[in-house]
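**Student:** Got a structure here, written out as structure tokens. Questions coming.
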Amino acid sequence: MKRSGIINREIARIAAEMGHMDRITVCDCGFPIPDGAKVVDLSIIKGFPRLIDVLKALREELIIEKIILAKEIVDKNPEMHNAILKLFSDAAVDYVEHSEFKKIAAVSSKAYIRTGEATPYSNVILSSGVDF
């Protein structure tokens, strides 16, 4: 058994397979995930687990050089927006329309991690960096 860090087998595997600029999407319980996509569904009930808790765990495992957010989060969910920015304060941030966000996720995500989050626009695309 691992001593620390992510113990979910699928997420640990995805994290280990991430290369520079690879992307994963961490999403709320209502996000439309394309058929055939690799998905780790952590959702149990609405609100659990929370998106921010999953992001905190991933932040400990991965180097994130950029995040992509739907620009609607700024006005529709400022509390979540601020929490995400605080967590990834050293990463570049791109904002796109929610419809564009879904397209980017569909074509560029190695995997989706579905949370129980049930607040508006609580979806993040994480782009992996390198430690050298």
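Including glycine, each Cβ sits where the backbone N, Cα and C put it.
The feature active site, proton donor is assigned by Swiss-Prot to HIS20. The substrate binding site annotation in Swiss-Prot covers ASP28, HIS98, TYR121, SER122, ASN123 and rests on sequence analysis.
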**Student:** Where the distance is taken from Cα to Cα, which of the binding-site residues ASP28, HIS98, TYR121, SER122, ASN123 turns out closest to HIS20 (active site, proton donor)?
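**Tutor:** Comparing Cα positions, the closest of these binding-site residues turns out to be ASN123.
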**Student:** Pairwise over ASP28, HIS98, TYR121, SER122, ASN123, annotated as binding substrate, what's the top Cα to Cα distance to the nearest Å?
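**Tutor:** In whole numbers, the farthest two Cα atoms are 13 Å apart.
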**Student:** Enumerate the residues of the same chain, ASP28, HIS98, TYR121, SER122, ASN123 excluded, that satisfy the criterion Cβ within 8 A of the mean position of the Cβ atoms of the recorded substrate site; list them in sequence order.
**Tutor:** CYS27, GLY30, PHE31, ALA70, GLU72, ILE73, ASN77, PHE101, GLU117, THR119, PRO120
**Student:** Taking the Cβ of SER122 (substrate binding site) as reference, which residues of that chain separated by at least 6 in sequence fall under 8 Å from it?
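**Tutor:** The answer is CYS27, ASP28, LEU51, ILE73, ASN77, MET80, THR115.
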**Student:** Within the chain of ASN123 (substrate binding site), which residues six or more apart in sequence place their C-beta under 8 angstroms from its C-beta?
**Tutor:** THR25, VAL26, CYS27, ASP28, PHE31, LEU51, LEU69, ALA70, PHE101, ALA105
**Student:** Going along the chain, which residues six or more apart from HIS98 (substrate binding site) have their CB under 8 A from its CB?
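**Tutor:** The answer is ALA70, LYS71, GLU72, TYR121.
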